[in-house]
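As structure tokens, the structure follows; a few thoughts come after it.
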Amino acid sequence: MGKISSLPTQLFKCCFCDFLKVKMHIMSSSHLLYLALCLLTFTSSATAGPETLCGAELVDALQFVCGDRGFYFNKPTGYGSSSRRAPQTGIVDECCFRSCDLRRLEMYCAPLKPAKSARSVRAQRHTDMPKAQKEVHLKNASRGSAGNKNYRM
């Protein structure tokens, strides 16, 4: 009985092998090369990890990651650090000479600047405008009285 049950599997293997032989014969070498490149690209991009970035590629990556905040080439140091410093490593040392990831790039982004609220801008404009108008009014008034001419505002 073992031979009878294995007969369909042998038949399937034979037919499948014949099918592959025909398909491989029809497929040209350029198709095989294209298929191999697609498979390599897919497998390498799926497992992409840290990579080295130098020159314009490094700057482009920092601009993309940091956006409008900007970035530093050296890590910003805190206030009150001792006068004896260890040699600083910059983004070039970390990402060009060695590989770095997205988190490492983000460490070199400048901090977000606190945005002024709309209310404080309105309050500032409100206090600035009368002062400027008052100065113009005083200048025009002094001209008008000195030259006996009537100036209109």
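Cβ atoms are placed via backbone N, Cα and C, with glycine included.
Taken straight from Swiss-Prot:
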REGION    49-77  region 'B'
DISULFID  Cys54-Cys96  disulfide bond
DISULFID  Cys66-Cys109  disulfide bond
REGION    78-89  region 'C'
REGION    90-110  region 'A'
DISULFID  Cys95-Cys100  disulfide bond
REGION    120-153  region 'Disordered'
COMPBIAS  125-138  compositional bias 'Basic and acidic residues'
COMPBIAS  142-153  compositional bias 'Polar residues'
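Within 10 Å of the Cβ of Cys96 (disulfide bond) there are 16 other Cβ atoms, across all protein chains. In sequence order, the disulfide-bonded residues near Cys54 (disulfide bond) (Cα within 10 Å of its Cα) are Cys95, drawn from Cys66, Cys95, Cys100, Cys109. According to DSSP, Cys54 (disulfide bond) sits in a coil region rather than a helix or strand.
A mean pLDDT of 56 is what the model gives for the region 'C' (78-89). DSSP assigns Cys96 (disulfide bond) to coil in the three-state reduction, placing it in neither a helix nor a strand. For the region 'B' (49-77), the DSSP-based tally of helix, strand and coil residues reads 15 helix, 3 strand, 11 coil. For the disulfide-bonded residues shown (Cys54, Cys66, Cys95, Cys100, Cys109), fewest C-beta neighbours within 10 angstroms: Cys54. Cys109 (disulfide bond) is 14 Å away from Cys100 (disulfide bond) when you measure Cα to Cα. Note: the CA-CA distance between Cys66 (disulfide bond) and Cys95 (disulfide bond) rounds to 15 Å.
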